[in-house]
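Comments concern the structure below.
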Amino acid sequence: NSSEPSPSFQLAGLPGLGAAQCWVGVPLCSAYVLAVAGNGAVLLAVRLEPSLHSPMYLFLCMLAAIDLGLATATVPRALSFYWLGSREIGFAACLLQMFLIHALSAAESAVLLAMALDRYVAICHPLRHAAVLTNGAAAKVGLLALARGVLFFLPLPLLLLPLPFCGSRLLSHSFCLHQDVMNLACANTTPSVVYGLTAILLVMGLDAVLICLSYVLILRAVLRLAAWRERLKVFSTCVAHICVVLAFYVPLIGLSVVHRFGKDLAPLVHIVMGNIYILVPAMLNPIIYGVRTKQIQRRILSLM
């Protein structure tokens, strides 16, 4: 019935806390402030330091911008629930938030793949690195990563748009995810299930396989070096990127497993895993690259 109002959903809080829910917003807000400050500092440091105007650090800036977008798309709305009691989220706002989370996650996965390919070319084909990976090529990769995320995940909210929601409206997280919203529909969701799984496998799954393949080739090239000290020196240039990849994919896989097989788990597990997926990469990425990159350290210290 077109005269029916659009459904709204209820965000999930930590169970059993009651009026003490407001205290949950304190660590959540602290994590958000750290993520904004850390990624903002990385963006500013790379912008002001001419020696960092190279493809690898342009990819790092893209990563920081995506993390800022992901955190900003979710945390302020969650804080309005914990601090102001605004638990209800409109249907359109929920679909928009869901689209932003999935599209930006796909873009981050593509940037991580581009950074892995950058390391592969730098180590396995060093003489061709400057010619192949230019700043212009890095900018094009960033635009393609964003466009791929939009094109692959725009159908997700469109597939949910005509579905009726006549039962429970309580979400499993303090933000909207595709599978979470889809499970609340009281209609056939097979097209949405099939497309969502296909998009995840073709985007994040394929990126993960290509990242692993690039590191297999890097490891093979490193093991050909004669001296152990030289091997460690070359492979140490990949340590920061490996940590960032793990910080992104481990929470992503954990959240997917919880959604797929954890229906009988306590609601607390779903909420904690969701917050880890959104906030941990955004907090850790600037710390990892800040520790590993002396130029970023010096520039941030000089700004402070």
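Glycine is no exception: its Cβ is also placed from the backbone N, Cα and C atoms.
Taken straight from TrEMBL:
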TRANSMEM  23-45  transmembrane segment
DOMAIN    38-289  domain 'G-protein coupled receptors family 1 profile'
TRANSMEM  57-83  transmembrane segment
TRANSMEM  89-117  transmembrane segment
TRANSMEM  138-161  transmembrane segment
TRANSMEM  193-222  transmembrane segment
TRANSMEM  234-256  transmembrane segment
TRANSMEM  268-291  transmembrane segment
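The average pLDDT computed for the domain 'G-protein coupled receptors family 1 profile' (38-289) is 89. Tallying C-beta pairs under 8 angstroms between the transmembrane segment (57-83) and each of 23-45, 89-117, 138-161 places 23-45 first. Using a cut-off of 8 Å between Cβ atoms, the transmembrane segment (268-291) and the transmembrane segment (193-222) share fewer than three residue pairs, counting only pairs 6 or more apart in sequence. Relative to the transmembrane segment (89-117), the listed stretch 138-161 leads the set 23-45, 138-161, 234-256 in CB pairs under 8 A. Same-chain residues lying 6 or more positions outside the transmembrane segment (234-256) and placing a CB less than 8 Å from one of its CB atoms are 63, 105, 108-109, 112, 115-116, 119, 122-123, 200, 204, 208, 211, 215, 218-219, 222, 225, 273-274, 276-277, 280-281, 284-285, 288-289, 291-293.
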